[in-house]
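Per TrEMBL, these features apply:
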- E1289: active site, proton acceptor (ACT_SITE)
- C53, C58, C61, C81: [2Fe-2S] cluster 1 binding site (BINDING)
- C122, C125, C157, C159: [2Fe-2S] cluster 2 binding site (BINDING)
- 284-291, F364, 374-378, D387, K450: FAD binding site (BINDING)
- Q794, F825, R939, A1106: Mo-molybdopterin binding site (BINDING)
- E829, R907, F941: substrate binding site (BINDING)
- 14-99: domain '2Fe-2S ferredoxin-type' (DOMAIN)
- 256-442: domain 'FAD-binding PCMH-type' (DOMAIN)
Amino acid sequence: MKKEVTEISSYDATNLVFYVNGKRVEEKDVDPKMTLATYLRDKLKLTGTKIGCNEGGCGACTIMISHIENGEIKHFSANSCLMPVCGVFGKAVTTVEGIGSVAKNRLHPVQERLAKAHGSQCGFCTPGFVMAMYALLRNNPNPTISDINLGLQGNLCRCTGYRPILEAFYSFAVDESGTLKVTEENGCGMGENCCKVKKTACGGSDETTPGYTGGERKRKIQLSDMSDCKPYDPTQELIFPPELKLHGYESMSFAYDHHHTKWYQPVSYDDLLSLKRELPHARLISGNSELAIELKFRFIDLPAVINPRQVKVLHEKHLENDGVYMGTGMSLTDMDNYSVQLMKDLPREQTAVLKHVHEMLHWFAGIHVRNVASVAGNIATASPISDLNPIWMASNALVVLDSEARGEKRVHIDEKFFLGYRKTVIQQDEIIKAVIVPLLEENEHFAAYKQAQRREDDIAIVTGAFLVKLDPKTLVVEKIRISYGGMAPTTKLALTTMEKLIGEKWSQTFLDKALGLLSDELKLPAGVPGGMSQYRLSLALSFFFKFFLGVSKKLELTEIKYVDADVKIGQNVPETLYATQLYQEVKANQPAHDPLGRPIKHVSGDKHTTGEAVYCDDINVADCNHIAFVLSPIAHGTLNSIDYTAALEIDGVVGTIDASDVTTGAQMGHHSDTPVFVKETITFHGQPIAAIVATDHEIARKAASLVKLDYSVEKPIVTIKQALEAESFVFKHFVIHSSLNDNEQVIKSDWSKYDRIVEGSIDMGGQEHFYLETQQCIVIPHEDDELEIIISNQCVNDVQIEVAKCLGMAQHKISTKVKRIGGGFGGKESTGAILAVPASLAAKKFGRPMKFKFERFDDMAITGTRHPFTLQYKLAVDENGKFLDLDYTALSNSGHTIDLSMGVMQRAMVHADNVYKFENADITGKMCKTNLASNTAFRGFGGPQGMFGTEIMVKHVAEKFGFNHDEVRVKNFYKEGDCTPFGMHLNQCNVTRTWDECRKNSDYDNRLEEVKKFNDSNKFRKRGIYLTPTRFGIGFGLKQLNQAGALVLVYTDGSVLVSHGGMEMGQGLHTKILQIAARCLEIPIERIHIHDTSTDKVPNASATAASVGSDMNGLAVQDACRQINERLERFKKLDPNGTWDDWVKAAYVDRVSLSASGFGIIHHEPVDFFNGKGAELFGYSVYGTACCEVEIDCLTGDHHLLRTDIVMDVGESLNPAIDIGQIEGAFIQGYGLFTMEEIKIRPDGIRLTRGPGNYKIPSADDAPRHFNVSLLGNSSNKMGIFSSKAIGEPPLFLGSCAFFAIREAVRAYRIQNGNADYFVFHSPATPERIRMACEDFVTSHVPELPEEGTYTPWITSV
């Protein structure tokens, strides 16, 4: 009798069994919809696995899965935030806790090396990187550099700039001969050039550099030496659980029933077909990358799931007459490996399709997704921007479909396969059994191309695949197939073009005809979903042109125009990393116990790598309820009513909070202009309207999705342009008049006297903070009406104030604490109240602890971004390019409330000069009020925006009047003692020093000539090289914020506890404070500890922002230590041979206080921004210069950042490793800001960029392979703690150097095509902007957009 395949009891196993870190787990009651990440964190309390996005886009959740396959143990990395917990049945899971531990004094070599290489800053991404590398080593103990690069795909870091991570992991690599590049003997990857071999200064630089006191060498020092790290021994790894192998779990069928969802995991192919017949609507999953997101964000019902991965028939692969048969049970990684094997075994001319499948898969998602995803899912979901479907369509590949009712059939993936958006011919009871990839016939040619916003782990903008068969004698086209993704609601075959090209001869005329036909057939409407209509058509045509050239070159058709042109960039980009870090070593006579100036590692570095560093959401609070917001689905309108009925029917829902729970008139924000919840008027998309309180995070979220809102919609103001037209501003305008520095009244400019004037406007887009740890807090109610708030925020004081204000409490009843933050960058400076106030309201209302954590999707909707700016300028120069008169207006998109927009605008205005002297300057700032989330602080705080407009002016002057832009800069550089437009005199002005040193270090002048030669010899590839300087003033713009407190407690055993008002968010603040305290007290750093930052230890603390964390808090700690030292001085004199412990005990016995409260302030004089009168605003400035070289693909807009050299003035560095890490991280963050990070908002105010799927920060692949950082020598700073300078924000603007290098490359292409005029090139320099600025014969086929106002664009420039 045939078993009933839907009957759970008929399966071999009905309990979920798997192993985690060698321990058996058996589950009888778990929701199959739950992800492995959630299970590990919430059920097993293994919080080392982090959740950064919940959509498989950041890699913070990476774990390793091990299983038996064909009798062998296989290991692979996976995103645990996508993996269903039932998907690991019969498998072994390894998390970061399972490989090493600080508590057990046992670090895995991966963890040890990453910590030692300074490879973590905030540490939130670190466990994911560790597990990615660990999984690679378990599969391949001797990886190459290429293997490592591949293994890190899908892991993002927002802090480090990737260099130290790569250096740490490259130490495991072998070279081409199989020899380890880094050994115990040399500790670095320099091989024969290692300093230990050559007996020279590290890096080979042995010269004495002028300007260093005492003739000290300026040495190329490697920040980390791996020679004393333990070697990797694969025999010492955790063994695969014997039970799983002994009992044959890999061959067991498994089914599981939990309330509303049934999970089926058959092993029999017949059972799989029967299941699909019985449950035609059941979802088949493999990698779960699509379904997990639907479940997480759309809350779909899921009655049944079928996981076919254990069905062996689906893993079959072989050659047959139709081509290469690959079962759909194979992961994309397995498919890739098989393709590579066949490329080696079969004749090259047959495997072109496989070759392009292999190349496409390299950029398909990340390795952790490819390890579990299957080709069947990619075909069945029928995404119009699929990477692979155009290849299948162009090659006329087959899919094998099978059903129990109708049997097996083979169907071509052609124009009939995709029926509409996300629809195919596949019937509901059918499965995709296999895909059959054709082998090419004689005289056939094939190629495929993809362009995305970011090369690595990004969805395509357009994908193109092409096949042509030519008569070898006549070159007549016998067959042609042209397929595109991203050009229609489905993968599209260009049938009309194909039909008209058959019988045509392959020639220059053929190309012209093809481009014209494709342009007509593929034309997109201006407001097409996804936007970029012109760019997408340009890509489609450019891809075909590349294909045409490739075939022509292969056939040696010399008569074809440009046949010898190289159209592929990045060919010479090395796999490995060439990086130097130059800094001044401490003096030889510095005591060994004094850590100041030494590159010691982050105090939490080891714990970052083991997952033992605790973040807010890692804290387990008993009887804790959870909160989820109900958010506005519109940008502007009126809220009429809220219906909670459906939400309150969900089991686990405790209750609701909304505007009715808020004290009448209470509003959040420094200006009390931000409602806690919408009461009537909705002012931005994503605005909190109410909140659901429930026993579980997911229950709260689902219930919130069921709340029904009744509202009316009004037209929003979204852009700066719209705000100007409506005269919509958040505050009055600001002004600076440099003439007031020397006069009692403003001197009006007479522009008629100038012969040379440039005038223009430039846009600079915003930027998502994308801290890896989203906003989160815990509120615990205590006796006497007290609240304890644990939060991931940069300002505990502000959170305390806002909660007290909105709840009508006294501040002394509220204790706000921060242990560490998983990245902030300004995004957690003023936004903490958004979740702390509702959580506190709920804790009060329901008398329970509350945990509130934002999903990435919600965080990006609610919390605002870097302010987008429009910068308008009018500049007069003399005949030599000397700056005379400047009229500069900065316009910011502030969002719906003030937030920190005033401070951001003021800093933009006082950085509008950057490093240049203007004879006269009038600067205006206007803050536009729009229906967007309030834009807020972000690293640089307006400074980058102000400087960007100025650097654009430099280019405009140079290009309009024929000057050399480098000479224009040098002529206008500030000199020592010069006064800025805002009245600050510049002392220790090191802009020229950093410029000259960077120019020399980078070999700029010689490389500039090489770039020119390259551009002369390359038609469609262009390079650009550029130098960019920066000046950044240090201090808060508001006087009262420039203060800090500290508390130093000395215990009778001699140990010291330091508390200060700063937050550790990855910038190494705690590490520097410990170094300062160790020097002041003259004790080893190991004897000093920092527990957390709390308002009940240090009151009234300013935000950890403005780059002054170490300056202000360091001064406060220094002051407290001074008091301790003064009290101990008597005991040191009485016992001069005693120890620190002796003196402390003696003081205690004599009843001398061993605690001290310290206080520190830094310089500030306020500028009068209402009347324009300047002042000595900052105590000092930080200077730097960067040199970047890029290469662009003029046909697609893609680019590579080839090399970066930076010289930064940090005074006397407190910790060179931390400072260099901040420089590299800030640069890469700035590089993202000015190139690939693009906020997309629809004209109706709906924010589209709400996660890593559609918002791209730089990946490891984007970091320059040549990355050199030098700390300026012989620089001191009398205004800084121990002569140091701040470093967090100043380097960020140097990322614009890559933007300007790209612009230079674009300009080279334009000049080649006969257009040397100045051109407007807005930021960011996305692939779209690069390509559309590279105007040529291809773009001439692209129709102009209709007149503005006659159509609705998909996205709008805000």
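Each residue, glycine too, has its Cβ placed from N, Cα and C.
Feature annotations (TrEMBL) mapped to structure.
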residue	record	DSSP class
C61	[2Fe-2S] cluster 1 binding site	coil
C157	[2Fe-2S] cluster 2 binding site	coil
S286	FAD binding site	coil
V375	FAD binding site	helix
D387	FAD binding site	coil
F825	Mo-molybdopterin binding site	coil
R939	Mo-molybdopterin binding site	coil
A1106	Mo-molybdopterin binding site	coil
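Annotation for R907 (substrate binding site): same-chain Cβ neighbours under 8 Å, separated by at least 6 residues, are F941, G942, G943, G946, G1033, G1037.
Cβ neighbour count for V375 (FAD binding site) (all protein chains, 10 Å cutoff from its Cβ): 27. Of the candidate binding-site residues, C53, C61, D387, Q794, the one lying closest to C122 ([2Fe-2S] cluster 2 binding site) when CA atoms are compared is Q794. DSSP assigns C81 ([2Fe-2S] cluster 1 binding site) to coil in the three-state reduction, outside any helix or strand. C58 ([2Fe-2S] cluster 1 binding site) is 14 Å away from F364 (FAD binding site) when you measure Cα to Cα.
Just so you know, the Cβ of S286 (FAD binding site) picks up 25 other Cβ atoms within 10 Å once every protein chain is counted. Apart from the site residues Q794, F825, R939, A1106, the chain places the Cβ of G824, G826, G827, E829, A937, F938, F941, A1103, T1104, A1105, S1107, G1288, E1289 no farther than 8 Å from the centroid of the site's Cβ atoms, the recorded Mo-molybdopterin location. Residues C122, C125, C157, C159 make up the record's [2Fe-2S] cluster 2 site, and a Cβ search at 8 Å around their centroid adds S120, Q121, G123, F124, T126, R158, T160, L772, G822, G823, G1066, G1225 from the same chain.
Straight-line distance linking the Cα atoms of C159 ([2Fe-2S] cluster 2 binding site) and F825 (Mo-molybdopterin binding site), rounded to a whole number, equals 9 Å. The Cβ of F825 (Mo-molybdopterin binding site) has R158, H769, Y771, F938, R939, Q1229 as same-chain neighbours under 8 Å, each 6 or more residues away in sequence. Using Cα positions, the member of the recorded positions V375, E829, E1289 nearest to C53 ([2Fe-2S] cluster 1 binding site) is identified as E829. In sequence order, L284, I285, S286, G287, S289, E290 constitute the residues six or more apart from G377 (FAD binding site) in its chain with CB-CB distances below 8 Å.
Rounded to a whole number, the C-alpha distance linking N288 (FAD binding site) with C81 ([2Fe-2S] cluster 1 binding site) is 10 angstrom. Here E1289 (active site, proton acceptor) is compared against the binding-site residues C61, C81, V375, D387, and the shortest C-alpha distance is to C61. Taken as a whole, the domain 'FAD-binding PCMH-type' (256-442) shows an average pLDDT of 95 in this prediction. Rounded to a whole number, the distance between the Cα atoms of V375 (FAD binding site) and C81 ([2Fe-2S] cluster 1 binding site) is 20 Å. For C157 ([2Fe-2S] cluster 2 binding site), the number of other Cβ atoms no farther than 10 Å from its own Cβ, over all displayed protein chains, is 32.
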